[in-house]
Amino acid sequence: MRVLPATLLVGAASAAVPPLQQVLGRPEEGMSFSKPLHAFQEQLKTLSEDARKLWDEVANYFPDSMDHSPIFSLPKKHTRRPDSHWDHIVRGSDVQKIWVNNADGEKEREIDGKLEAYDLRVKKADPSALGIDPNVKQYTGYLDDNGNDKHLFYWFFESRNDPKNDPVVLWLNGGPGCSSLTGLFMELGPSSIDENIKPVYNDFSWNSNASVIFLDQPVNVGYSYSGSAVSDTVAAGKDVYALLSLFFKQFPEYAEQDFHIAGESYAGHYIPVFASEILAHKNRNINLKSVLIGNGLTDGLTQYGYYRPMGCGEGGYKAVLDEATCESMDNALPRCRSMIESCYNSESAWVCVPASIYCNNALIGPYQRTGQNVYDVRSKCEDESNLCYKGMGYVSEYLNKAEVREAVGAEVGGYDSCNFDINRNFLFHGDWMKPYHRLVPGLLEQIPVLIYAGDADYICNWLGNKAWTEALEWPGQKEYASAELEDLKIEQNEHTGKKIGQVKSHGNFTFMRLYGGGHMVPMDQPEASLEFFNRWLGGEWF
């Protein structure tokens, strides 16, 4: 969860950051980006004078350290298992051939979308071999994009309660470039991993009343692998649509249930795109009912204005930054906003990349240099090698065990919690600052949207998330923005009446502030997170 120096655990603004911050402090250890930048020189001649100046400034940040790393991720070492290993293989080319009669008696494809290049491999996992939720059905496998040599790993857990009727949820971590298996084992999955690298049962798992799919995406993240790369959110959305279409084709019993997409951090980019991709297909077997975004990065123009307030004592916790630093951030904000506005207007990497780098250095870098955890303003960064959390190291060690990789059918030679090359790819393609929040009004016309935020997070803080939801232009904006935050209390157990946060809602739009939660609310406040999750799936706010 460190900002990675460009990546966040669950990531979001972390990705481009650490390296950024390190560049300012120790240039020799800074981001090695000049290789792609040098390749841009001819293209720079075609840009406006202002744009050229921005790129010149970016290059000056890393004068000597830019030739050491490629911008594209290297392929992972892997060994593909034979088809005989898998219980089922769903061929997208076969699904593509299925035609049905519509209400008017006309022939049409049963499932829309370009699926012919995709296959889905499925294996029923043996929970007893892993010691993880042994009483629930589990499936693991890969989505294969055969035309582009891409292979996405997923892990499905059936609901502990009533799988024939409970909803299905897709969970996504962020980064970009961080594995969703981190969310599985550190936040909301059926087990966590302790210091002895052993699974520990989680009473507050989100599969208590829902079946959950954890997906390692984009490619080359976690157990996923590829000979090619994905470097923007829109491209990743095509893969997710294919996976869900083929998964629900194989398991029609789950396709009958309500389906929701949830995620955190950079999933604030992913989810508006992925949900829009699904809803764009008229004939689909994905029963999408809502989306949930936790501590997300969605509207940089609005959210970057709240780093100074959060770090300087205006977010409900004591100040981390001194007055001089706070003033410096105030002075940097107008230029940052101007650069993001230019990115929003052009959506060009030539404009969006400098905006990301300048704003992250100016508004996230000062906080990082304090040594405080960017994911939790209350604590120091305890383990820089694992994005501030020792638990992430435990998860990586567990998922790198040969017996675990064998049990889940993983095909890669090793597991990494975050792939920083992917992080850089997204950054240098301008994806970081693009205005994906503009897709949210279209979602609100069709499905409910929940934005929730742990109030101790810095990197994707609750102030910025509340602000962008109130600034969003949609038919219900006035009523939503004027709605007051109300107490959110536990209703479902012996702690009934306990205040766990605040909530405001109008129409299909809801915002929640969760008390005492950092960037990863389910990890910090497991009881509160399961409370609001179950009530949201039950339709309380929509």
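In case you wondered, yes, glycine gets a Cβ from its N, Cα and C as well.
Residues annotated as active site in Swiss-Prot: S265 (among others). In this structure, S265 (active site) belongs to neither helix nor strand by DSSP; it is coil.
For D457 (active site), the same-chain residues 6+ apart in sequence whose C-beta sits under 8 angstroms from its C-beta are N295, Y375, D376, V377, G517, G518, H519. Secondary structure at D457 (active site), taken from DSSP and collapsed to helix, strand or coil, is coil. If you look up Swiss-Prot, you'll see D457 (among others) marked as active site.
Annotation source Swiss-Prot lists active site at H519 (among others).
Positions annotated as disulfide bond by Swiss-Prot, on the basis of similarity to another entry: C178-C418 (among others). Within 10 Å of the Cβ of C178 (disulfide bond) there are 37 other Cβ atoms, across all protein chains.
DSSP assigns C312 (disulfide bond) to coil in the three-state reduction, outside any helix or strand. The C-beta environment of C312 (disulfide bond), restricted to residues of the same chain at least 6 apart in sequence and closer than 8 Å, consists of A319, V320, L321, E323, C326, M329. The disulfide bond annotation in Swiss-Prot covers C312-C326 (among others) and rests on similarity to another entry.
Marked as disulfide bond by Swiss-Prot: C336-C359 (among others). Its Cβ placed at the centre, C336 (disulfide bond) has 22 other Cβ atoms within 10 Å.
In this structure, C343 (disulfide bond) is part of a helix by DSSP. Annotated disulfide bond per Swiss-Prot: C343-C352 (among others), in sequence order.
Reduced to three states, the DSSP call for C388 (disulfide bond) is coil. Taken from Swiss-Prot, the feature disulfide bond applies to C381-C388 (among others), supported by similarity to another entry.
Classification of N209 (N-linked glycosylation site) by DSSP places it in coil, neither helical nor stranded. Residues or ranges marked as N-linked glycosylation site in Swiss-Prot (evidence: sequence analysis): N209 (among others).
Counting only same-chain residues six or more apart in sequence, the Cβ atoms lying under 8 angstroms from the Cβ of N508 (N-linked glycosylation site) belong to L443, L444, E445, I447, P448, V449, G476, F542. For N508 (among others), the entry in Swiss-Prot reads N-linked glycosylation site.
Per Swiss-Prot, the feature signal peptide maps to 1-17; the stated evidence is sequence analysis.
Reported as a whole number, the C-alpha separation between C388 (disulfide bond) and C178 (disulfide bond) equals 14 Å.
In this structure, the C-alpha atom of C343 (disulfide bond) lies 26 angstrom from that of C418 (disulfide bond).
A Cα-Cα distance of 11 Å separates C359 (disulfide bond) from C352 (disulfide bond).
In terms of C-alpha distance, the listed recorded positions N209, S265, C336 place S265 closest to C178 (disulfide bond). Between the candidate disulfide-bonded residues, C326, C418, the densest Cβ environment within 10 Å is the one around C418. C381 (disulfide bond) sits 18 Å from S265 (active site), taking the Cα positions as reference. Of all the disulfide-bonded residues listed (C352, C359, C381, C388), C381 has the fewest other CB atoms within 10 A of its CB.
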